[in-house]
Ligand code: SF4
């Protein structure tokens, strides 16, 4: 297929495909799907070999959010029966993180619900980062606390954060239909603040919210423009009790095409299969590892994923290897660019330290990991109950596929890792 040869050539050169080429990937037929996966796999292997990076989510503060993101089980007015709790203590968060690291995770993602952190929240998260790094040598920490005010990214970096996550989620054109309490521009601003502070920017999307192919291509092009180092691709699982509870639009084939499009547009970044992996890719998860080089291990923020051991078995069975702590995830050119950005941020605008230079006003918002209710059973790799259709009819609530998290952070039960 000429299209795929062109996309592979461009991916190996880090050249941006045309919008028409990106749209054509989403329009490929099922007969062409394995060729699409193989082509995206060539690009993936060029930049990331056969390594899979494992990330581990710790939900520092769950539910009770004043924002209204339609996809989110923690939103204002959500009727989803999720765990609700306020800030974990640093030692509690560190204990949860240690379980993920022991399970093979290289990065811990610290997430808190809410529009954005207060300065006191930033101090609290700073202490949590210190506790985690003290107990887990070499671990990367990513913070995901919502919209950042001026100076907060610098303070998180000084506390030891390596990365900051804030997802764009969907295209600028449709953002207002998903959330009314903050804007797409607010989100872009926070990703830029993270970048400017020398943090590795992590920003991704949620597919399956009723968006068009053009919307998906738009948001992925925006992510490339923002130069995110990692791009989490969430597949919406409509959480009962949220406005999108009936949006069951995805098939495993569609998910694979979306991942391939992301890989072609952002060839040398960490493409992470995020929430909804088990529910929407189901038995096709191993195939998706040929495209993405990163996943979350174990559970999500408010929902349960497949057992951590099932993740590890899947990676080994598919012929991939878990990326070790001593390996740099990003290709050398990106790692070098990040190191240069960190050095520049440390200098600050007038040669003073960035932390000294920073101060400022509030903004707002938060990341989209909450859109990740996952599978019902924790032990077997395939989440679909016997007799369930391959794709739930649109408009039907499928609470049988969504297991609310009842273990790990915020509970007395051991985490899944
Ligand atoms: S995504 Fe973040 S800001 Fe939006 S409702 Fe959920 S927790 Fe709140």
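Here the Cβ of each residue, glycine as well, is placed from N, Cα and C on the backbone.
Between the listed ranges 357-377, 378-398, TrEMBL ties the annotation region 'Disordered' to 378-398. For residue 65 ([4Fe-4S] cluster binding site), other Cβ atoms within 10 Å of its Cβ number 23. With a CB cut-off of under 6 A applied against ligand 1, the binding-site residues 65, 69, 72, 142, 202, 272 are reduced to 65, 69, 72.
In this model, the domain 'Radical SAM core' (47-277) carries an average pLDDT of 96. For residue 72 ([4Fe-4S] cluster binding site), other Cβ atoms within 10 Å of its Cβ number 32. The two recorded residues residue 72 ([4Fe-4S] cluster binding site) and residue 202 ([2Fe-2S] cluster binding site) have their Cα atoms spaced 19 Å from each other.
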